[in-house]
Amino acid sequence: MVSLGRQMLGFALAIIGFLGTIIVCALPMWKVTAFIGANIVTAQVIWEGLWMNCVTQSTGQMQCKIYDSMLALPQDLQAARALVVVAIIIAALGVLMGIVGGKCTNFVEDQNAKAKVAIAAGIIFICAGVLILIPVCWSANTIIRDFYNPIMTNAQRRELGAALYIGWGTAALLILGGALLCSSCPQKDSPEYPVKYSGARSTATSRANTQREREREKTMTSMGMQMAGCALALLGWIGVIIVCGAPMWRVSAFIGSNIVTSQIIWEGIWMNCVVQSTGQMQCKVYDSMLALSTDLQAARALVVVSIITGIAGLLIAFTGGKCTNFIPEERAKARASVAAGVVLIISGFLCLVPVSWTASMIIRDFYSPMLVDAQKREIGASLYIGWGAGALLVLGGGLLCASCPPKEDKTPSGVTESANCPMALQELGISLSMIGVAGTILICTLPMWKVTAFIGTHLVVMQVFWEGLWMTCVSEYTGQLQCKLYDALLDLSPDLQAARGLICISLVLGCLGFLIFLLGARCTNCLSHPSVKARVVLSSGAIFCLASLTTVAAVSWTANSIISDFHNPRVPEALKRELGAAIYIGFVTSGLLFCGGAILCTSCPPQRARFPSNGYARGRPPPQDSYAIKNYV
């Protein structure tokens, strides 16, 4: 009862502190006008908060305005924004964990596990209290330092606002509530003996029941972690898609002479938009990808790869989930779940890298004295969504990785492991490989390896040039398309000459790998010995991986040639080219070939049956009734 009361008191204090954190975040009264000296009688009072400043007139009328520029704020308010928002998120997580680990709830059955969850919730509340205490103390220190600074005028000095006092009280409540929750230690199990002597009990039966209960609790906990991880990862993946599509990576900065403008400029990774003061918005897709800044070029690739990696991780997590039956063996399902967690963590970092890179470039340009105010940009909403999406993917992947495979009893030595390599693995590998072969055929025939670059004076043209491996095409503005085969192979550039040979070799290797796979596939009877069939499938997987390397070599060489010519000042604009659709399809194709080949290589040959090390087994005595009765005459 004492522990229950302590938990309820700590949880109530933490809830009040959580609500106080939200109030501190929203209130604009962090800094208030100081009534001193000549400023003791004034017609208006100025309040400054994290998100807006307000002016209260002597008539009682109050006007509030959201800050035009975040980067133009002082450092203490910029840091306070981030820390207070993180404190709110962490406190909300602590509230959820406090509910799950409460003694009056039934989310977790084991009392020790519930106590540990409550302790974890207490630690989270203490962290939230520290996170709210840091920005409040920092802002208070800045206010006091500026107040006693003789350089500052009386009109520029500020007082401590009500939000700071509420922040100190909020931090104290969160830390105190977290400490009370941490003081609820796990209950110690002490053996109880109802009588001095009891009847004999089966030790094996009691141990088996205890083992089954523990396994059931572990399974339920692991399933809950898997479901939470999948839910967080799914939200993060949806956030990455939003980040990819939203054009608000860079937003106009309202500073200096640019504080009043008739339009707002948004810049994304695919288009830029202009919002007029009338509310009308016009968007335009970028004419040239290579003319973009380096961070946006990298962001395109990394965000797309993050989306693809995220969906692969979600599919693997769904396959290895405890509530699905795609994989019958528990250890294999656990390994699939851990692999999905690793893939989702990689997807999260692939989202965090371009977002952080772009934010760093924006901040560097904002404080650069060589740029005018009209050229400076603010951090857009897409970057904040990207940080949240990346964090959700990393957190969801971490939860999936935390579900370790359960320990099992050792199987008999004579049992083979051929059943552990499912046929579905081979089917998945050959499906990805054949899609890659089809993509290789597509990029071999498509003429869109090099496309006309719309830059500079070449922005508006009457025709578009496409260059491929076998022909070149000209698309007129009327929609007419004319194609012509190359007259001489040796007149082509070295990258296209090499691409021809490498792509043809990749097609030959892909077809050869498919034929070899048919010989060793589990669904065919060309070979009878399972070990030989498995080795044949391994060789087909290696061939598909080799085909992937030849494809990516051809595509990468051509892409590098296009990029080097694009940034070469000696090449006129009319001769510069962009990366065509065939290049992007080639990268995806090589990835599919490599993944399919790697999956086929994971089908290991089955191990032979193992026999006991001693060559002779101990003879069993025959039953007594088997002896014959001998008659002696």
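Cβ from N, Cα, C; glycine included.
If you look up TrEMBL, you'll see 9-30 (among others) marked as transmembrane segment.
The transmembrane segment feature in TrEMBL is assigned to 79-105 (among others).
For 117-141 (among others), the entry in TrEMBL reads transmembrane segment. For the transmembrane segment (117-141), same-chain residues at least 6 beyond its ends with a Cβ under 8 Å from one of its own Cβ atoms are 7, 10-11, 14, 17-18, 21, 24, 30-31, 76-77, 79-80, 83-84, 86-88, 90-91, 93-95, 97-98, 100-103, 108, 160, 164, 167-168, 170-175, 177-185.
Sequence-distant contacts of the transmembrane segment (161-182) (same chain, at least 6 residues past either end, Cβ-Cβ under 8 Å): 6-7, 9-18, 20-21, 23-24, 27-32, 47-49, 91, 94, 98, 118-119, 121-130, 132-133, 135-136, 139-140. According to TrEMBL, the transmembrane segment annotation covers 161-182 (among others).
What TrEMBL records for 228-249 (among others) is transmembrane segment. Beyond the ends of the transmembrane segment (228-249), by six or more residues, the same chain brings 266-273, 283, 296, 299, 303-304, 306-307, 310-311, 313-314, 317-318, 321, 341, 344, 347-348, 351, 355, 358, 380-383, 385-386, 388-393, 395-400, 402-403 to within a C-beta distance below 8 angstroms of the stretch.
Summarising the annotation, TrEMBL assigns transmembrane segment to 298-318 (among others). Within the chain, the transmembrane segment (298-318) has long-range Cβ neighbours (under 8 A, six or more residues past its boundaries) at 226, 229-230, 233-234, 236-237, 240-241, 243-244, 249, 269-270, 289, 324, 326, 336-337, 339-341, 343-344, 346-348, 350-351, 353-355, 357-358, 393, 397, 400.
Counting only same-chain residues 6+ beyond the ends of the transmembrane segment (338-363), those with a CB under 8 A from a CB of the stretch are 71, 229, 233, 236-237, 240, 243, 249-250, 293, 295-296, 298-299, 302-303, 305-307, 309-310, 312-314, 316-317, 320, 377-379, 382-383, 386-387, 389-394, 396-405. The feature transmembrane segment is assigned by TrEMBL to 338-363 (among others).
Nonlocal intrachain contacts for the transmembrane segment (383-402), taken as residues 6+ away from its ends with a CB within less than 8 angstroms of a stretch CB, comprise 225-226, 228-240, 242-243, 246, 249, 310, 313, 317, 337-338, 340-349, 351-352, 354-356, 358-359. Among the features that TrEMBL reports, transmembrane segment is placed at 383-402 (among others).
TrEMBL lists 428-449 (among others) with the feature transmembrane segment.
Positions annotated as transmembrane segment by TrEMBL: 499-524 (among others). Sequence-distant contacts of the transmembrane segment (499-524) (same chain, six or more residues past either end, CB-CB distance under 8 Å): 423, 426, 430, 433-434, 436-437, 440-441, 443-444, 449, 469-470, 489, 532-537, 539-541, 543-544, 546-548, 550-551, 553-555, 557-558, 593, 597, 600.
Per TrEMBL, the feature transmembrane segment maps to 536-559 (among others).
With a threshold of 8 Å between CB atoms, the same-chain residues lying at least 6 positions outside the transmembrane segment (579-601) that come near it are 289-290, 425-426, 428-437, 439-440, 442-443, 446-451, 466-468, 506, 510, 513, 517, 537-538, 540-549, 551-552, 554-555, 558-559, 562-563. The transmembrane segment annotation in TrEMBL covers 579-601 (among others).
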Contact set, same chain, for the transmembrane segment (79-105): CB under 8 Å, 6 or more residues outside the stretch:
3-4, 7-8, 11, 14-15, 17-18, 21-22, 24-25, 30, 50-51, 70, 114-122, 124-125, 127-129, 131-132, 134-136, 138-139, 174, 178, 181
